[in-house]
Amino acid sequence: MKNPMLEVVSLLLEKLLLLSNLKLFSWSAAPGEEQPPLPPPQQQQQGKGNLYDIGSFLRGDVLEVPRTHLTHYGIYLGDNQVAHLMPDILLALTDDKLLTQPVVSNKRLILGVICKVASIRVDTVEDFAYGANILVNHLDESLQRKALGNEEVARRAEKLLGMTSYSLLWNNCEHFVTYCRYGAPISPQADKFCENVKIIIRDQRSVLASAILGLASIVCLGLAPHTTLPAIFIPFCLWMAG
């Protein structure tokens, strides 16, 4: 059984590492700049036609792309088009579709998550999946819910296209597809994350660890409000919530 504390810490560390490599004012590769390597499946089949069997997808299908720690979801609209909810900081900075339409980079995505800016946009299947394997309608089995008709699912997705707010816990890509597919926005991923956080809070070792870190910060940085208050307040809140 995986340790929930390690899962949450691992996810946070991964996001911090991505943030540490950000160049805030570079949104796409400049001319002559080295492009990031393609994922192995895409490298192997680049130039050999379509990577995915698009003919097997039906309009209204839920497409699911597993990532390292999370899963990304979209609704297939037909004609090699997928509607999906994507955070994007550029949406808050410009209305120029020539800038916002290209595939959302990690830099744009992470800053969009932080600023809670997103859109429900349409991309090709290849741009949506970026070389990863695609599962079709896997949520039907995992959630054990009755899906709406495929045409109704696709119409719901098309009606929602455009700007929207973003929240990791309350309005993410999974909320979008479950609303379209089942009529109710739910996110098992967000629920699992909240459960892990609850487990960490209830674990009294979290109180001890935060207290030790607080004391260490006071020793290293000195006795000041910005070090003393968190050193007292955070362990106290964890203790009361535990």
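From the backbone N, Cα and C atoms, a Cβ is placed for every residue, glycine too.
Residues or ranges marked as signal peptide by TrEMBL: 1-29.
Taken from TrEMBL, the feature domain 'LRAT' applies to 62-189. Mean predicted confidence for the domain 'LRAT' (62-189): the pLDDT average there is 91.
Counting only residues at least six positions away in the same chain, the Cβ atoms of H72, Y73, G74, H84, L85, M86 sit under 8 Å from the Cβ of C173 (active site, acyl-thioester intermediate). As annotated by TrEMBL, active site, acyl-thioester intermediate applies to C173.
According to TrEMBL, the transmembrane segment annotation covers 208-241.
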